[in-house]
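S.K.: Sequence annotations record features per position, and here TrEMBL assigns signal peptide to 1-18. As annotated by TrEMBL, transmembrane segment applies to 79-101, 116-135, 147-167, 179-202, 214-234, 280-299, 342-362, 383-407.
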C-alpha cells in the first residue's frame, strides 16, 4: 500500500513537471499555436464526452430533471454543449479583456502571451463548472450557437476569398512563364474537378424513380455559380481565373456536404446505405476544416497594424529617459513600445465563434441527434446551412469583383 502511494505520488509529480516544462516553453511567437492547441483539445474532450459521458450524466439530478429520462443521444448532445459553453466563455472573457491593446507595453500583452499554467487551470475549471449549470442555460446557449456558427461560416468565406486572391496575386506577381502555366494548370484542374463532381452529385442524389426536385435545384444552382465564375474570370477588367476555379470547387464541395447531410431515410439520399461511414468521414473532415480555418483566421486576425497604431499616435517611451540605460535595457524598452502585430480581441473572438460552430458540427445542429442515433451532422438544418453558405460565398465573390468597378473611388 505504501509502495503504491509512493508510485502514485511520483507519477503525479512527473506529470506536473512535464506540464510545467511544456507550459514554460511557450514563448511570444508560439502563443498563438498554444491557443490553437487548447481549442483542438476542447474538440477532443467534446468528442470523448459525447461517446462516454451519457451514463454518468443520467445520474446527475440537476441535469436529469425529467419525469421520463430522455434518450442517450440527448445526454451526448448536452455534454458537447456544456464543454463548448466553457470554451466559449474562456475565449470570450479574453476577447473582452484584450479590447484596446495597442502596444506591447500594455500589461495585458503579457497576460495574452504568458501565464499558461493558470490559463489551463482556469479553462479546466470553466469546463467543469458548466456541468453544474441548469439545463435552461444550456438550452439558451444552444439557441445562440446557431447564430454564432453562422457568423463563423461567414468569417470562413471572407478568409477563403482573401486567400485565393492573395494566391493569385502572388503567382501573377512573379511575372514568369512557369508560374503562368502553373496558374492555368491548377485552374483547369479545378474546373474539371467541379464538373466531374457535379456529375457524381446527379448520380448519387437524384436517383431514377424518385421526385428529387430539391436536390436537382441545389446542384443546378451550384453549376450556374460555376458558369458565372468562369464568365467573370474571362472579364478583361477584373477577372482572375485561379480564384474563380478554386471557388467553384469549394461551392461544389459545399453542395455535396449539404446533400450528404440529408436524413438517411430520405429517398433521394443515395448514400443512405453507407450512413455511418459517410457521417464519420464528414465529421472528421469538418473538424479538420474547422481547426485549419481557425488556425488561419487566428493567424490572420487583425494582422494589419495600421488601425491598431495610427501614424499620429504617440509612441510610449519616445521621450528621453531621465537616467541613461544600457544597450540591453534600451533594446527591451524599444521592444515594449512596439505596436502589437494583430488584434488580440478579434483573435479570441474567432475562437469563441469556432466553439459554437464545433458544437453544432458535433451535434448535427442539435436537432436531429435523437432521430439519427450515432450519426452526426445529419438533418435538414445542416443541409440548409451549407447550401446558404455556398450561395453567400458566390455572392461575396461576385461582389468583390463588381464593387471596385461600381465604386472606383473606394478601397475594397
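The backbone N, Cα and C atoms fix where each Cβ goes, and this holds for glycine too.
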S.K.: At a C-beta cut-off of under 8 Å, are there same-chain residues at least 6 beyond the transmembrane segment (383-407) that contact it? List them, or none.
M.R.: 149-150, 153-154, 157-158, 160-161, 165, 218, 221-222, 225, 228-229, 232, 235, 237-239, 243-244, 247, 250-251, 254-255, 257-259, 261-262, 365
S.K.: Take the C-beta pairs under 8 A between the transmembrane segment (79-101) and each of 116-135, 147-167, 214-234, 342-362. Which stretch has the highest count?
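M.R.: Ranking 116-135, 147-167, 214-234, 342-362 by Cβ pairs under 8 Å to the transmembrane segment (79-101) puts 342-362 first.
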S.K.: What stretch, picked from 116-135, 179-202, 342-362, has the most CB pairs under 8 A with the transmembrane segment (214-234)?
M.R.: 179-202
